[in-house]
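Asks: Positions annotated as domain 'ABC transmembrane type-1' by TrEMBL: A:77-286. Per TrEMBL, the feature transmembrane segment maps to A:7-27, A:80-105, A:117-138, A:266-286.
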Amino acid sequence: MKRNRQLKIGIGFLVFLILLAFVGPYLPFVDQELETKGMLQAEDGEMLIPPFPPSGEYWFGSDHLGRDIVSRLIIGTKEVLVVVLSVVLIRYIVAVPLGLSSYYYRSANRLLQFLNQVLSFVPVIFIVLLLINMPYLIYSEYRAVWMILILALVEVGRVADVILKQTVEISQKPYIETAIVSGNSPMQILRRYFFPQLFPQVAVNFTLDISRVMFLIGQLGLIHVFIRHKLESLPTMAPAFKMVNTSHAWPVLFKQATYDIFISPWIPFSGAVAITLFVVGFYVLGNGIRNYYEKKQSYL
Amino acid sequence: MVLQGIRTILMWLFVTVILLLIVLLPRGNPQVDPAMSRVDQVKQYEESITTFSWKDYGDNISSIVTYAWENKSLGTTKYTHSVEYEVWRYVKKSLWLIIPSFIISAVVGLLKGVYDFNVKTRRYDPLGKPTTVFFLSVPDFFLLLFIQVAIITLSSYGLPHISLYGSEQASNKIVSIIFLSIYPTFYIARLTFASLEQQASQDYIRTAMSKGTGKRKIVWRHMLSNCWLSIISHLNTIMLYILSNLFVVELITSYRGAAYSFYKALSVRSTFAIGADQSIQTALVIEFIVVFTTIVMLTQIVSKIATGIMLQRGGMDEA
């Protein structure tokens, strides 16, 4: 850990993020209510209408309803963390057993290869777009859960394949033969000889995947696909509904990006900065963990 | 090789059919009885739209198949063009982005990887590996927004006007191609670098050096010819990434291409009255799906053929 700057920065970032998610909303400069403002009087008496540009009071400016963007970002942190972590967790809960069992069983291996071949024809965004516009999902109360499941499962094949390759690589090392000769059962070999080697690699990939998922969710935000929405009744003669975004997750700031970029670039920009920091932070953390274990192994 | 090609085509057929079956899932009957109360109308609407019926599904599939069979077309769009005309028009525009950025990312990425490898021993070279890591870790949509804002801001300080939005002018194409090829380029660069690094300690390099071969020749002739295989095996990933990112780039730069119109054809309205149908422009969506998966299939076939040629040549390299 001594010279591992990446690991230090990564862990520092992780601590910062967790603090931001849990303590952040109670900081003095955070507007917990996210108060909307219709108008603001500048010091020279000029009237301003939202979105307000960045200033001493609004560090990153405000959104179209006059809500402080810094507060929005901080309040949204927890949601972002929960969504991204649950996507990656579900993905690994499915992928690790799949990858390991495809090392032991030929049928699982066939399934995995088939899955990967199928997915090698379709871009991820494509699948998400196809499924997300189904009326079943638009109306479902559990739309967010479905979204998370879809995002998690689209890349299960890739992760399982990586795990399979790593398992195969470990299995070719001489100490596995020693383990077999000394009379371990397959389960014991898995537990005592495979897991200690696999664990660091899975940890690295897990961290890097967090960064990838955030990246993907940001991309989806840019094409107006969000994790959560709510149907709100409209006050019209004939009954009508509108999909409303109630979430404060960061990608929601991209909602009008193509339009905002001319008049209020700080709105999509602050979302992009937050996402970028998140992506880079976990990327650095992943590389730090990798360096940590590689060094440790080379000293043996 | 032929067998592999046939397998790829069969797989493509399978995937496309599955995707089409997803698209053709019934979207319910939106009719409501206007005599009922508002609450009941909403209830009926919601229920009829979210209940799945096999009969509707069957009707959906059979009607589109018979229509296509009888008319040799999937109908007309709301702009009264034939669907095929419209799809081809947009796909042509998008191919202007996809093919150049694919080639650029492969070629420039390779050069960048070799450059990174050549300068890796220098103590300080910000153009080397640090740049590659930077562009791989920072999301490209951030760079995209950043460049757009920078150009817009700079144009008020005397930068000549550059058209950023639309698809008519050459600068639109160039900007979109650059946006599309950022990530794949550095992806290939890292791949090339890792592949070169792996070989750097092998015996044949020492042999070549002991015979007085220059470093440049060793890298370009000997080491690179061993890298091709791993680069070619990642071409498909590159293509998938470009297609994914095409949605983002076309939407942000208002480039009216295939991904943009696919997105439009697929999306449902975010505000809708009870009784409005939740349908998408199925015919357009179907043809775009076929086109997109075909592009991926062609990439796969090309990379299979290239792999075959590489393997055949094997160790008989003229050097």
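Yeah, the Cβs are placed from backbone N, Cα and C, and that goes for glycine too.
Map these features onto the structure and tell me what's around them.
Replies: For the transmembrane segment (A:7-27), the list of distant contacts is 1, 74-75, 77-78, 81, 207, 277-278, 281-282, 284-289, 291-292: same-chain residues at least six beyond its ends, Cβ to Cβ under 8 Å.
Among residues of the same chain six or more beyond the transmembrane segment (A:80-105), those with a C-beta under 8 A of the stretch's C-beta atoms are 17-18, 21, 111-112, 144, 148-149, 151-153, 155-156, 159-164, 167-168, 171, 186, 190, 202, 206, 209-210, 213-214, 217, 227, 249-250, 278.
Within its own chain, the transmembrane segment (A:117-138) is flanked in space by residues 146-147, 150-151, 154-155, 157-158, 216, 219-220, 223, 225, 231, 243, which lie at least six positions past its ends and keep a Cβ under 8 Å from the stretch.
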